[in-house]
Amino acid sequence: MPKLLGSFISFKSPHYLVGSVRDAVSIKAQAFMIFLGAPHTALRVDPNRMQIDEGHTLMEQHNLSKSGMVVHAPYIINCASKDPVKQTFAIDVLTREVKLCHAVGAKLIVLHPGSAVEQTQTQALDHLIKVLNTVIANTKEVIICLETMAGKGNEIGRDLDQLKYVINHIEQQERIGVCLDTCHFHDSGNDFNNTAEIMETIDTKLGFEFLKVIHLNESKNVCGSKKDRHANLGEGMIGFDNLMRFIAQPQIKQIPIVLETPSDKHNYPAVYGAEIERIRAWFGAR
């Protein structure tokens, strides 16, 4: 059984962290992932308004560990941009976001690696490395987790070789890791029908010591499609049993596993509660 299983959780006014913890508790989650503001903007409220201490107290009351709390960086930044102005913006936003993570008690922040606009993939990776080393040098403790991407358009991070290249050039490697998104990994060409092959790929190309978070998602598309369209568990092309066999692996079930499957205002957070219950039922039957 996964130790830290949960989902994306809303973080919003007026209750912020307290509201997030309440939602996580309501679906019996052991982990949760939040945006510290709207995903497509850099605007953030003062941390004094985020009800952090009250949220931590509520977490303790419900045995929710801070090791299961994950933050997602805003989508608005492209840390791989060659534009000096956009690089500076990315550094400023990500630095502030990492400091906010530290303030709310999260040790992990997930980041989309960026896009290779008007440059080669390698050039984009080098720009990402520069941004990450700068941000890490100006912050503390929080681990930046580069998310595996599906490979659509000019995205970088479409394979583990690229992410390991970045890791190899980070000056403080204890501050860098990877978030493996199962939908993205499938869409970029990794077949979850073969669990052993998936695990070998992670082991040889990355190393499990750098795998810090799992985004557990189904995919609406075939393997290798490079589409990035999430589906709910049991409704996609990866296969529920394949996903369960993957997260049952000893190297996987000890890290935060977070659902990012589709939800809306009518079924949030209940849809995640139902999926968590289904996952636990699968493990309970074995």
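Backbone N, Cα and C atoms are what each Cβ position is placed from, and that goes for glycine too.
Per Swiss-Prot, the Zn(2+) 1 site holds HIS72, GLU147; the candidate it also names there, chosen from HIS15, HIS112, HIS186, is HIS112.
With ASP228, HIS230 listed by Swiss-Prot as binding Zn(2+) 3, the candidate from HIS184, HIS266 annotated for that site turns out to be HIS184. Record note: Swiss-Prot gives GLU147, ASP181, GLU260 as Zn(2+) 2-binding, and the candidate from HIS102, HIS127, HIS215 in that site is HIS215. If you measure from the Cα atom of HIS230 (Zn(2+) 3 binding site) to that of GLU260 (Zn(2+) 2 binding site), you get 8 Å. When secondary structure is read from DSSP and collapsed to three states, HIS72 (Zn(2+) 1 binding site) falls in the strand class. Mapped onto three states, the DSSP output places GLU147 (Zn(2+) 1 binding site) in strand. Sequence-ordered, the extra residues of this chain that approach the Zn(2+) 2 site, with Cβ no more than 8 Å from the Cβ center of GLU147, ASP181, HIS215, GLU260, are VAL110, THR148, CYS179, LEU180, THR182, CYS183, HIS184, VAL213, ILE214, ASN217, VAL258. Cα distances from ASP228 (Zn(2+) 3 binding site) to the binding-site residues HIS72, ASP181, GLU260 are smallest for ASP181. For the binding-site residues GLU147, ASP181, GLU260, the largest tally of other C-beta atoms within 10 A is found at ASP181.
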